[in-house]
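Going by TrEMBL, these are the annotated features:
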- 51-72: transmembrane segment (TRANSMEM)
- 93-111: transmembrane segment (TRANSMEM)
- 110-399: domain 'FAE' (DOMAIN)
- C254: active site (ACT_SITE)
- H333: active site (ACT_SITE)
- 416-496: domain 'Beta-ketoacyl-[acyl-carrier-protein] synthase III C-terminal' (DOMAIN)
- H417: active site (ACT_SITE)
- H421: active site (ACT_SITE)
- H450: active site (ACT_SITE)
- N454: active site (ACT_SITE)
Amino acid sequence: MDGGGAGGGGGSAAAAYGGKSGATVGVRIHHSRRLPDFLQSVNLKYVKLGYHYLISNLLTLCLVPIMVVIIIDASQMNPNDVRQLWIHLQYNLVSVIIISAFVVFGSTVYITTRPRPVYLVDYSCYKAPDSLKAPYERFMRHSRLTGDFDESSLEFQRKILERSGLGDETYVPEAMHSIPPQPSMQAAREEAEQVMFGALDNLFANTNIKPKDIGVLVVNCSLFNPTPSLSAMIVNKYKLRGNIKSFNLGGMGCSAGVIAVDLAKDMLQVYRNTYAVVVSTENITQNWYFGNKKSMLIPNCLFRVGGAAVLLSNKARDKRRAKYKLVHVVRTHKGADDKAFRCVYQEQDNDMKTGVSLSKDLMAIAGGALKTNITTLGPLVLPISEQLLFFATLIIKKLFNKNVKPYIPDFKLAFDHFCIHAGGRAVIDELEKNLQLLPLHVEASRMTLHRFGNTSSSSIWYELAYIEAKGRMRRGHKVWQIAFGSGFKCNSAVWEALRNVKPSKSGPWEDCIDRYPVKIVS
């Protein structure tokens, strides 16, 4: 479908066709399909970029300690000290004017430049009805009955499904359950409405927010962009106010959910005392591939129905009931490089059937984007001790010995939970290895892939819901959401829990969390 899922799929395909199976369907493992070893190279310019973000808030960092020192000194003064200070100031008007001007100027600059906090009040993930479930056997039977796939393509899909990490309870849209499939524009609209309105209805019910209170609406869906837009469909359904700031993001891949949050955050810096709603989804109905080009068949096997609606606020009073506060968003775009731009590419095959083609260099490109992103994010989140160790080894490597491996910081010291986009099993495996994570840290991603499949940009919200349903989210915990997308992009969002978070009503894991985690068959 798009970058993140395709990236996972490409890796899964490579993993699925090692040894004998590779000879069966003519797919070979390319070393470029694996993420590069981060221990071998770190680009200094991206480290500098991370520190640029840090230094951009230098004024705030300097003013806050000064104000704290002044307040502490003032609290220790007795009445006689205050009287002596007043007498001194009476005869030193210039000092009074200078100090007053400095205080007024500094306070004004601090207040006007200080970013407003953005709170995540609540979110909702769509859960499709049981009638849309697509167990492995039914999926393969329907693929054969359509008559569009030759035996080689059917075998390819079978192997992908066996090694994909998906379970038997994922969902495909109604149109794909018909024989033959009926991927019409009307069916695609119905899928979009079911997913978006289902998530929004639950969100409004859980938060008691009136639709008229929404000031900003951001919708992202990569491959289905009808006219009127998806955002217009939501405005019409819920009769949102006429001056709402609405945006519809298309073609941005599985990482577009983080992009949508970033856009909503920027809008909340401009418009005071308002709510923003982010809706992240993907549409499968009109984007199913009915050809036999293997690089285009992977999305059929991995992508499933899903979507999420997120309520953000900049209202101070919402801090008391909000689940999280947005701490950082770091976005990396590799589109200037031709290989990165074309590694996930929607096009037509020789039979004029449309699909998304995956490059053999996809995993290497994803790894480069990830490396850029985390070396930019590192200075913002890592403890000073980790940063000093990293810089010390980096300097030694640059000046003395090029064979010295850079010290890769331990991101487990910065984050309590990891929501890695469930694009495919191989991506999760490689991130677990390269970031030196424990199985517990990637459990939410693996179980989301197993239960819901690749739901594109909304998968990071299903993963967060899993962590909450397991009762693992505590006040002060930091969460790292990271996703890949076509273009090629790697984007990160960091959240801080404002309380011990419990799962919301009618959550996606409500009736099945006791069955998880499950063992994934290799």
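Cβ from N, Cα, C; glycine included.
Fewest Cβ neighbours within 10 Å among the active-site residues H333, H417, H421, H450: that distinction goes to H333. Other Cβ atoms within 10 Å of the Cβ of C254 (active site) number 36 in total over all chains. Confidence in the domain 'FAE' (110-399), given as mean pLDDT, stands at 93. The active-site residues shown are C254, H417, H421, H450, N454; of these, the one with its CA atom nearest the CA of H333 (active site) is C254. Inclusion criterion for the active-site residues C254, H450, N454: a C-alpha placed within 10 angstroms of the C-alpha of H421 (active site); this criterion is met by C254, N454. The separation of N454 (active site) from C254 (active site), Cα to Cα, is 9 Å. Every protein chain shown contributes to the tally, and the Cβ of N454 (active site) ends up with 34 other Cβ atoms within 10 Å. For the pair formed by N454 (active site) and H417 (active site), distance between Cα atoms is given as 20 Å, rounded to the nearest Å.
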